[in-house]
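Enquirer: Sharing a structure here in C-alpha cells format.
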C-alpha cells in the first residue's frame with residue numbers, strides 16, 4: 001500500500017474523500033483511528049441472535065377507505081415495548097413498494113460510483129452541512145468517520161439548496177423528490193402510531209413537530225477498509241432528531257447499543273429501521289417524558305464490501321418549543337424534562353465533542 005497520510009490536521013483530511021484514500025491504497029490516517037485493534041467479540045451480538053423488534057405498520061394504521069378498521073392492540077403493545085426497551089424498531093407494512101426502494105438504492109449507488117470530478121461539482125465546504133463531503137470538523141480529540149456522505153434538506157421546501165442536488169445520475173432528483181414525499185407521509189403514520197401506543201391523542205406528536213417540521217436526507221457511503229479493527233464508519237452517537245428512518249442496503253454494519261452490548265441490525269430489504277432521537281426521548285424522551293429511549297448506535301467498517309445507507313432525519317420545525325406531553329405527567333410520573341427550543345442545535349454542539357446533550361433539557 002501507499003504510505004499513510006499521518007499528520008494532516010482534521011480540516012485538511014476532511015477536504016479529501018475517504019473513497020479517494022481507498023482508491024489510492026492509503027492506510028487510515030491517524031485521526032480516523034478510534035479503535036484499539038481488538039474486535040471485542042464478547043461485546044458484539046451476531047445478527048442471527050439480534051432481537052430488534054419488527055413492527056407491521058399496516059396493523060396499526062387505519063385505512064381511510066376502511067374507517068371502521070381498528071388498530072391492532074397487540075402490535076401497539078409491541079411498539080410501546082420496542083421504544084421503551086430498544087428505542088428503535090424495524091418497520092414493515094409501510095406501503096412503499098420494494099421496487100421503489102430498490103430505485104432509491106440504485107441512484108444512491110450510481111451517485112457514489114461516479115468519478116470524483118462529477119461528485120465534486122456539488123462538494124460542500126469543510127464547515128458546511130449540506131452537499132457532498134464529510135461532516136464538519138469535530139472538536140479536537142474526536143475521531144473522524146470512515147465515510148463520505150451527501151446531505152440535502154428536503155422539507156420545508158424553501159430550505160432546499162438546489163445547487164447541491166446532483167444532476168447525475170439524471171433520475172436522481174425525481175426519485176429523491178418522490179422518496180421524500182413518501183417518507184414525509186410515513187413520518188405522519190409513525191408519529192400517530194407512537195402516540196396511540198401511549199394512549200395519547202394520535203396527532204399530539206405531529207402538533208409538537210409543527211407544520212414546518214424538518215426532513216433531511218443523508219446518503220452515506222462507507223468505503224472498504226483493510227483495517228476495520230481500527231476505524232468506524234460512524235462513531236457511537238445518538239441522533240438529535242425527533243427520529244430517524246434508515247434504509248439499508250444488503251451489507252451489515254449498523255449496530256445499536258443495549259445492555260452494554262452492540263447488536264447488529266439485520267438487513268431486511270423491505271424494512272426501514274426507525275431510531276428514536278433525543279428529541280423523541282424528550283418528547284419521546286423530551287416528548288414522552290423519558291418513556292421512550294434514544295439508542296446509541298454506530299457503523300462498523302468492512303474490509304471486503306462498501307456499504308450504502310440513506311438516513312432521513314425528522315426534526316421539529318425551527319424555533320418550535322417542545323416538551324413532555326402533559327397527559328404523561330402526574331404524581332407518579334413527574335416532569336423529567338423542561339420545554340426546549342432548537343434542541344438539534346444544542347445536540348450538534350455536544351456531538352462535536354463526542355458527548356450527548358440530553359442532560360441539558362432535564363429538570
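Cβ coordinates come from backbone N, Cα and C, glycine included.
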Enquirer: Would you please say which range out of 92-119, 120-147, 148-175, 176-203 has the annotation coiled coil in TrEMBL?
Expert: 176-203
Enquirer: When the domain 'Fe2OG dioxygenase' (211-316) is classified with DSSP, how many of its residues are helical, how many are strand and how many are coil?
Expert: 4 helix, 52 strand, 50 coil
Enquirer: Take the coiled coil (176-203) and average the pLDDT across it for me.
Expert: 95
